[in-house]
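Q: Sharing a structure below in structure tokens format, with a few things to ask.
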Amino acid sequence: MRGSSTKRPIYAVAAWVKRQPPKVKAFLAVVSGMAALVFLKLIVNDHDNLFVAAEAVHAIGICVLIYKLMKEKTCAGLSLKSQEITALFLAIRLYCSFVMEYDIHTLLDTATLGTTLWVIYMIRFKLRSSYMEDKDNFPIYYVVVPCAVFALIIHPSTSHHILNRIFWALCVYLEAVSVLPQLRVMQNTKIVEPFTAHYVFALGVARFLSCAHWVLQVLDTRGRLLTALGYGLWPSMVLISEIVQTFILADFCYYYMKSLVGGQLVLRLPSGVV
């Protein structure tokens, strides 16, 4: 009885939100995001920990995928293209870390890249028969080519070699849109099995923590961080990229939480989501 009485207010709130027009939903999402930022600002002393936490959550998401592949022996519902873009931006970021700054992020990225390459290997070779190639139909050049063009035009203005600065920008842009092929697969299937849903939700949490890290850093330094990143459009593009990748996954995370509260193991997405 207690469980059902606890869920009733949650269902009531969810039903109320569902009835609201899109503008009200957008406003509520912004307010919720700001409230979460304030909460993180109060409980996290060193905001660099948020960035480490984001990478750790991403690694946890990859571990969920590994568990799925090993236990269920199927890669149905997974986007190979998303994994390949992820491996690409991680490899570029690792290169930038080695030549520009070597720290704990380098170690985390190394582990995440290794596991991502293993996932790609499993999908391409070991579990190829269960790969939903017809559903994974997002043209990869739709994201790689624009990101490369943006990187050539808008990149850091630091003292590093121009090639390294372009690579740095490219990995930032690729990370922002790397999940789009995975969202297309889920859009095509409409039904998302638990492990894939957990993985994408982990990506959403990681993106939010990373975005929170940058926003709080800018607020704490009163904008000086933007100056430290360089001049021109680059500092703004870093923030925009973080915000874009957060909002790309926000809709899915809402339905994931709604499904979780409702006790549904399989996530069913309504038309128009993701």
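These residue numbers are counts, starting from 1, taken along the chain as shown.
Positions of Cβ are set from backbone N, Cα and C atoms, glycine also.
Feature list, courtesy of TrEMBL:
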{"type": "TRANSMEM", "residues": "26-44", "note": "transmembrane segment"}
{"type": "TRANSMEM", "residues": "50-70", "note": "transmembrane segment"}
{"type": "TRANSMEM", "residues": "106-125", "note": "transmembrane segment"}
{"type": "TRANSMEM", "residues": "137-154", "note": "transmembrane segment"}
{"type": "TRANSMEM", "residues": "166-183", "note": "transmembrane segment"}
{"type": "TRANSMEM", "residues": "195-216", "note": "transmembrane segment"}
{"type": "TRANSMEM", "residues": "236-257", "note": "transmembrane segment"}
Q: So are the transmembrane segment (166-183) and the transmembrane segment (50-70) touching or not, going by 3+ C-beta pairs under 8 A with a sequence gap of 6 or more?
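A: Between the transmembrane segment (166-183) and the transmembrane segment (50-70), contact is absent.
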Q: Any chance you could find the range in 106-125, 195-216, 236-257 with the most Cβ pairs under 8 Å to the transmembrane segment (50-70)?
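A: Against the transmembrane segment (50-70), the leading stretch is 195-216.
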